[in-house]
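Structure first, commentary second.
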C-alpha cells in the first residue's frame, strides 16, 4: 500500500499554501511532518487523506489518484484522524470505536465477528476496554485521545494519518500516545504519517522526518541527518543547539531565546 | 469469536445471525421508548376521534376504524374526525423527524425548521398568495411548500456552501426568519381585512377542518421521505463526528449533507403546508426522544413518534379545554416546553450534562 504526492498544489481560494510538492511516504514506517505554524503541514496531511482537493497535482494511493476513488473505498485503505475531533454529547467509547468500522459495514450487518474482533482489539491496544461504556465527553484528555485513536484503529487500514495526536495532552500522555503509535507500526506493520509540533518527539519517534517551510519540503530523511541546528535556524528562524538525547540517542533540540542563554555559544553570530 | 445470537459486549446488547448474516447493536431502552410512544400515539389518535359534539365511545371508534358499525358512526369516525387525527399524527411525525435531521446535520441544538426560517418562509409565501392574490391554482399547501423550500435554499447558499456548521447556520436562519416575518407582517398590515383574516387563520397553525385532501399529500410525502431518511441514517450518524472524520470514514459529505438537508426541509415544509406553522414540535421532539431513549444522537423514528404524540395530545387538550378552541400550536408549546425543561433539570442533577 503506497502513498505518494506528485507536484501537489494546495490552496484555500486564492491563498496558495503548498505549491509543486513531491513526497513519497515510506511504506511500513513512521513518517513525521514538522514545520512552523502555517507552513502547510496540516493541509498537506489533509490532502494525503483526500480531505483537501488539490488545485493541481495528484495524490496516489496504490498507484491510483486518491481524489477520483470512491471515498468509501479509500476509507478501507487509509484512516485519518483530524486535529482535536469532537464527539457528540453522551456518545459511549465503544459506540465511537464501532463507528470506525463503518467503511466495512452496511445497514444490515453492523456487528459482524470481524467488527467485534476489530473493535475489541482496538480497545485493548489503547487500554480503553475498561472505559468502553463511558461517554467520551466524561473522559480525561489522554483517554479521549486514545478513544479516537481506537476508532481509527478499528478502521483496520494499512495507512494511518494523524494530525497532532498529542495536542492538549500533558507530557506523560503525549509519550503514551506516541508509544502506542510505534506499537501499531511495529506490531501491525501499519504505515503512519503524523504531524507533530514538538521537534524532540518528532526526532525520537520518526523513522522518516519531513521538515516543511512555506509550503515546501526543506529537508527529509532519517531524523539524525535532518534535525540539525542549521535546519532549525532555516525552517523556524530559531537559534538552537542540537545534542544527542541521552534517553534515545536521537537528536535533541535545545533552543536559545533572548533570555536565559548565558552559555550560548557565538551569540553574536 | 462468539457464536451467533444475542450477546452482551462491553455493556451493549448485540445480535448476530449466521444466515442471513444480519448483525447489529440492540438499543433496548430506545426500542422500549419507541414502542411506548407508538402505543401512546395510537391511543391518542383513537381518543381524538372519539371526542366532539357527538361523542363516540372508544370501542365503537376501534370497530369503525376496522370498518364495522352503523353508517352514522362510520361517517363521523372515518370521514369527519379521522382525517384531522391523521393530519395531526403525520404533521407531528414530519416535524419531529425534520427536527432530528436538522439537529444532527448542523450539530446545533437550536437548529430546527421553525428557528431556521423554513416555517416563516412558508408563512410569508402563503400570506403573500392570499393578500396579493397569486398561486391559487397551487393551493395553500403548494405555496407553503415553495416558500419553505425557498427559505431553505437561501440558508444553504448563504451559510452552507463552504461546509460551515454550528452558529453560522443558526444566525443566517434567524436572519431569514426575521426577514420572512417582516414580509408577513407588512403584507398583513397592507391587506384588506377579509384577506388578513383568512391569512391569520392559517398562520396560527390549526388542525380545524382538515380533511383527506390535506392528509393525502402529506402521507405521500412521508411515504417517500421517511424511508429515504432511514436509509441515509448511517451518514447522519457519522456526520455527527464532524465533516473531516465522516469523510475519513467513507461518507461522501457534500452529497450526504445536501440530500439530508432536502429530506429535513421537505418533511418540515409538507407538514407546515398541511397544518400551518405548528410551533416548537420540531425543536422539542428530538431533544425529548434523545433523552428518553438514552442515545447520543437524536433518533429519527423516535423523534417522529414523539412529535406525533405531542401534536395529538395537544390537539385533544385544545379541544377539551373549556372556553372555545385553542389553536394546536399554542398547546404544543405550553405542553412540550415544560417537559423539556424537566428533562434538562433531571439531566443536570444526574450530572450527565445537557
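Glycine is no exception: its Cβ is also placed from the backbone N, Cα and C atoms.
Record features (TrEMBL):
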- B:30-51: transmembrane segment (TRANSMEM)
- B:85-105: transmembrane segment (TRANSMEM)
- B:117-135: transmembrane segment (TRANSMEM)
- B:142-160: transmembrane segment (TRANSMEM)
- B:166-189: transmembrane segment (TRANSMEM)
- B:218-238: transmembrane segment (TRANSMEM)
- B:258-285: transmembrane segment (TRANSMEM)
- B:292-314: transmembrane segment (TRANSMEM)
- B:326-345: transmembrane segment (TRANSMEM)
Candidates B:85-105, B:218-238, B:258-285, B:292-314; stretch with most C-beta pairs under 8 Å toward the transmembrane segment (B:142-160): B:258-285
Paired segments the transmembrane segment (B:258-285) and the transmembrane segment (B:30-51) in contact, 3+ CB pairs under 8 A: no
Interface-richest range of B:30-51, B:117-135, B:218-238, B:292-314 toward the transmembrane segment (B:85-105), CB pairs under 8 Å: B:292-314
Dominant neighbour of the transmembrane segment (B:218-238) in B:30-51, B:117-135, B:166-189, B:292-314, by Cβ pairs under 8 Å: B:292-314
Tertiary contacts of the transmembrane segment (B:292-314), as residues 6+ beyond its ends and Cβ separation under 8 Å: 27, 29-30, 33-34, 37-38, 40-41, 44-45, 48, 85, 88-97, 99-101, 103-104, 226, 229-230, 233, 236-237, 240, 278, 281-282, 284-286, 328, 331-332, 335-336, 343
